[in-house]
C-alpha cells in the first residue's frame, strides 16, 4: 500500500513538473507576449481584409442592472462608433472589433471582475467599463495587464488614474458649474440643498455643490435619498423644510421627477439643477412634466443628442433610425478619447501594443471630439489640476428637442471651478 | 492494564465491519481511500491544466463550497432551514475586511495578518450565530425560515448604513490582504522554486482551505454531535426524549454553520478584491440553498459539487448562449433576445431542469455511478 502510494506521488510530481515545464495551460499570458487582443489576422467579417485586428472589450449593464436603459444605448453607440472607424479605414493598419467581447455585469462588482477575467487575455483595451466600484474591482488587474479603459461614469477620481480615459467634466465640476450658473442667471442667493444617492455619484456631485456654495456665500445642506420613486417623500419634506432657492439633484431620472413634482405641488418656485444622469426624455410623458418644464435644468458634460456639431451629426447618421437617447451621445463621445489614444500609440515605436497604449493614454495633448467637446478636453499630459476639463453645458427642458432638452448655456467653466485647486478626487472611492 | 482492542478487518471483505468505529471511519473502505487520494492529487494538478479565468471560478467555487458545507451542517444535518446564510457570510466578509484590510479615508482597517483575520471572521460570525440559535429552539420549519429571512434584511440595512465599515452602497471597500506566511497571493512569482501565477497560488490555497474545512465538517457529522443533529432533524421531540439537549444542539448547529460562513465570506472577498453591501441580499442565501439542494442535502461531497456547479453555471450558460443560433451577440436592439438575456434565463432554467431530473442532486448521480461499479460486472 505504502509503496503504491509513494509510486503515485512520485508519478504525480513528475507529471506536475512536466506540465509546468511545457506550460501546457493556455491563456497564461503576460501582457507583453504577442497577442493580447492585437493580431495581424483580419477581424471576423472584416471591413478592411488587409488590416490586422484590435479587439476591444466592453463590460456593461445590459439586462437586469439599474442602468440598463442607459447602458444599452451607450454600448450600441460604441459599436456604431467603431464600425464607423473601420468604414473610414481603421486605425494604424488595424480594424477594431468590439462586438466579440461585450459582457453584461449587471452592475455587480463581482460579476464585473469575472467578466474581465474571461476577456483579459483577448482584449487590447476596454471600450467601456461601467460603474465606479465595478471599475475599481478590476483596476488592479488592468494595471497588471497594461489595459486601458474608458469609464462609463464621470467620477472625479478617474482624473487621477492614468489607465482610465475619461471625457467631459466630472459630476463634481458639473455641480460647481450648475450652482455658479444658478447664482448668476437665476438669482439664487441664500440656500442650496444637494440631494442625491449615497455613494460615488451622489457623493461626487455633493462635494462639488459644497465647494460652490462656499465660494458663492450660500448656505449648504446635504441630503441623501435612496433609490426608488416611492422612497422620495422623506427627501421632499426635508427639502421643503429647508426652504432653499436652489436644489441640486443627483439621482436617477424617475427619482428626480418625483422630487421635482413633489416640490412643485407644495408650491416650490426656486430652481432645480440635476446632474447629467437625472434626465430621461420619457419624463416628458409623466405627470411631472409641467413641473420639470418650469423648474428643472440639467448640467451635462456635452450637448444633448440633437446638438448641431459634426460629431453629433456623424453619430445620428451612423445610428440611423433610433429613439433618441443621450446614452448614445455619451457612448459616442467617450469613444473619441480611445480612438485618439490608438492613433497616438500607432505613431510610437513598436506601433500599437498594450504598453504603447498605456504610454499614449498618459501623454495626450488633445483629442479631436469633432466638436462634441473642445479639443483640449482630452488632454492627459500633465497633472490633473492642469488637464482636468472644467466646462459643462446647462440645458433646459424643451419638448420639441429630440431628447427633450436643449442647450441653455454652452460650454462654460464657472468662477468656482476655474479657481478650484484639484489635487485630490472630490469624493474618495477607496 | 487495558489496551484498546482493534477489531481486525476481514480480508477481501471491504464492506464488512466488525466494530462501530470501523463503520464510522472517515475513509472506511479501500475504494474511498484510493479515490480520495486520486481526487486530492488531481486537485493539486488542476492549476497546471486550466486557464486563469477558469481557475478563478474554481477558486471562488471551492471557497463558497466551505460556506455551502456550513449551510449543510445547519440545514442538511440538523434540519434547521436557514435563509440567513448571506447575513453570516456578510458578517464574516466585513470582519475580515476590517481586521485584515487597509485604512482609507472612508473605511477603517487594521492591516492584521491572515492568521488573525481569517479565524476572527469565523468567530465573529459564529457569535452572531449564537445569538440567532435560541430562536431556532422556539421555531421550526417555515417559521424559522422566515425569521432567518428577516436577518438578511436586517443585515442588508446595517451593511448599507455602517459606512465606516463597509464603504456604503455604490462605493464598497476592498477585502483583506492575502498574505500566507509571507507569500502574497495577489502577486505572481516563484514559490518554493515553482513559478506560480496569482490564480494558481489562490487556487492551491483555496484547495487546502477546502480540504481542512471539509474534513472538519465530515468529522463533526460522523461524531456524537453529528448524530445528535440528525436526531434533531428527524424528530426533535423524539430526540429530546432520548436525551439530546435541543437548545444546545440547535445553537451549536447555528454557531458552527456561521463559523463556516464567516471564513468563507472573508476569504471569498479577499480573492475577489472589491465588494459592496448589495452582495449580501436574499439572492445569495438562495444561491447557497441551491448549492446544497443541487449537490445533495446532508452530504459534504454534495456541498462541494453543488458549489462548483453554481460557480461554473454562469460561465456555462454564457457558453451555451453564445452557440445558440439566431441570437444577437451585440448589446441589444433588433432580435427577440440578446445573448445576455438568454444567459440569465438559462441560469434559472438549468437549476430547474437539474432538480426535476436529479432530485437527489449531484450526489445522487455519484451514488449511481458508485453503485454501478460496486456491483460490476453484475450491475444492471
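Here the Cβ of each residue, glycine as well, is placed from N, Cα and C on the backbone.
Predicted automatically and left uncurated, TrEMBL annotations should be read as such.
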Have a look at B:16-33, B:34-51 and point to the one annotated transmembrane segment in TrEMBL.
B:34-51
Answer yes if the transmembrane segment (B:57-74) and the transmembrane segment (B:114-135) have at least three CB pairs under 8 Å among residue pairs 6 or more apart in sequence, and no otherwise.
no
By Cβ distance under 8 Å, which residues at least 6 away from the ends of the transmembrane segment (B:251-275) in the same chain are close to it?
56, 59-60, 63-64, 66-67, 69-71, 73-75, 77-78, 80, 82, 85, 88-97, 100, 117-119, 121-130, 132-134, 136-137, 172-178, 185, 202, 206, 209, 213, 217, 220, 225, 229, 232
Any residues 6+ beyond the ends of the transmembrane segment (B:203-221) with a Cβ under 8 Å from its own?
26, 40, 43-44, 46-47, 55, 58-60, 62-63, 65-66, 69-70, 72-73, 77, 178, 180, 185, 196, 229, 256, 260, 263, 267, 271, 298, 300, 304
Take a look at B:34-51, B:114-135, B:142-159 and tell me which one has the most Cβ pairs under 8 Å to the transmembrane segment (B:86-108).
B:114-135
Do any residues, 6 or more residues outside the transmembrane segment (B:346-367), come within under 8 Å Cβ-to-Cβ of it, and if so which ones?
290, 293-297, 299, 301-302, 305-306, 309, 313-314, 316-317, 320-321
